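What follows is a short report on a single structure.
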């Protein structure tokens, strides 16, 4: 296996229980024997759900299933398997999803439509649900409210550490909790990866309002990260709100613009961004965690395009790996983005070091300073393109020989 | 230095002289001592020129100069230096171009506007023309009609072999010659690379007609290749037509749609594609030369977007490096391209091997066959996306640890 990310936390956070959520996981032998690869989450009957999925035109059968059933917005069970993405598996793939939903609906005593499903792992291999649906009864029996670490492990593929985070906030004077788990190491590595995140809260929020709060927050959290520019067939973010806090006096919120959601929105965004950063920090083969801020663009969208161009450039990423303050490659990446930029007003900073100004190397810049800065594990790059007020920030990692080893040597 | 590409030709082609063109090169010490880094080409007074340049928003000063002077369409001299791109060098960069043009116009006894200039190499370092303009007199004195190999060497940076090609055809019953030289190893590697191509012919073609013939041919030659998805600040293709064949009875062509250009257009396209393929075959760190054909898309443009998505995917490229028949990553790259594709009609071939059909693994496909095919040095991937008649072909190479070594370790 790949070596552990240098950004892996020394201790995993212990997530508190969330009333109305129970979790269990086991090793079902879906691809590798002895590897925890099946997660079941059970929710109390008042649980609402919101989700955001991959924009891939070759989305997996499980993503199609979730998209369709999200419309009614209620959830009683979540089943996630790793080891097989059940993507590009034709009619058999759809049947595997249906069979999983049936089995989960029996153990959760709910409608099939209340079951949410994700699969992650190799693409194009038929997924045999017979391998794991029989295990769901046992998982339901021993599901517990505090099994988040085991749950986070069950959804890992090329991840080198489980990703967990928790926050709390008040809604109408009542404290509610938000927990999240995520996986992802290549933005997608179809052999054995993809980005999945599951968020849980005891807040009481109607489905439409839940979607209205959560969906826009994806833009600057999970959509603001890129490891290798590739897009999964299975990327999924699901937020389950059990409503259990209502019994403690929390209001049931019906509208996304309800001012009582202010603290919740902030806590949810913070949780999502934390998990997103953890995904980057487990980027395949990484040695650097890199923040790229673009200002002075025509709009936020233009700034995003430029930031993404910098983050995805193999030449910028290899320079970062080489601890090379090669700002010429940043100029190149701005130029190729296609958005308006004033070459002769372009400015670049590494942290507080002004590198380029007014379209050429800053007179105060010294290569030795830039080289020293690049030795840090966390790098801040800021670029002003000098044409407007648009700004955006993205996070990425470097591109190393280890990335190639992980992705070129995996099956060979 | 990097090891020589496995696709380097055992013998360099000897290009014939083209009447009206003389070439000379020398080592001017622009970045490294003893390395041939300065090319001067001189053209007879009837020479017309057409050009196509980078779409980068941070184009270099030399590109801006060429774009401006192409309008009048006549050329007497070409000066190319390697070792410094003179890009992102502000006002000093523009002054360096002007000074180079002045010096070249004196040795060529022409207007400054008849001088074309390219620079390739590191970005952001001021280029001191004092280092080389003094050498132009000597180069003009010893310029010769058959110095193409030396010319091709003078424009190399991270290239591991010089790129040369020649063709001939008839215009109005008179044989004309086309020669070309090119450089490029990263699609751009701003430290020491970029894509440059210079084409020479003795045909007699008016500037507007020359542009009309050449510009559309770029799309399926130089624009149909990608090594690392990065775009140079300096990419340049220039075609010089001396008109010397007119003295041998060749007609002077005034319109791009003149039917007498049929053979010329075909020979020019063939020459351009040959040089484009040579650039891919010198891709940094490559071990595979890969052709990707997309059919069944909504349009040629849509097919190009999908082909580019496949060619630029780090996960597809690392799988190629690992000789892994990982067709799931091709499905992923089709999905992320954003163009319409029918997942359930998608088909994939490796050479003649049908890998996937109707949205799942082909029943006849055996992994062992795919694995054996992937061991070849030249790989053909074909994908049908099942929605229309649009088709396109692109060429690329694999992504190896050697690419990372070249680009991460270069300056560190």
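Glycine too: its Cβ is placed from the backbone N, Cα and C atoms.
Listed features, source TrEMBL:
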| type | residues | note |
| --- | --- | --- |
| ACT_SITE | B:194 | active site, nucleophile |
| BINDING | B:157, B:183, B:194, B:284, B:407, B:412 | substrate binding site |
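Structure coloured by features recorded in TrEMBL.
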| residue | record | DSSP class |
| --- | --- | --- |
| B:157 | substrate binding site | coil |
| B:183 | substrate binding site | strand |
| B:284 | substrate binding site | coil |
| B:407 | substrate binding site | helix |
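Residue density at residue B:183 (substrate binding site): 28 other Cβ atoms are found within 10 A of its Cβ, drawing on all protein chains shown. Highest Cβ count within 10 Å among the binding-site residues B:157, B:407: B:407. By a Cβ separation below 8 angstroms, chain A lies close to these of the binding-site residues B:157, B:183, B:284, B:407: B:407.
The number of other CB atoms found within 10 A of the CB of residue B:284 (substrate binding site), across every protein chain shown, is 29.
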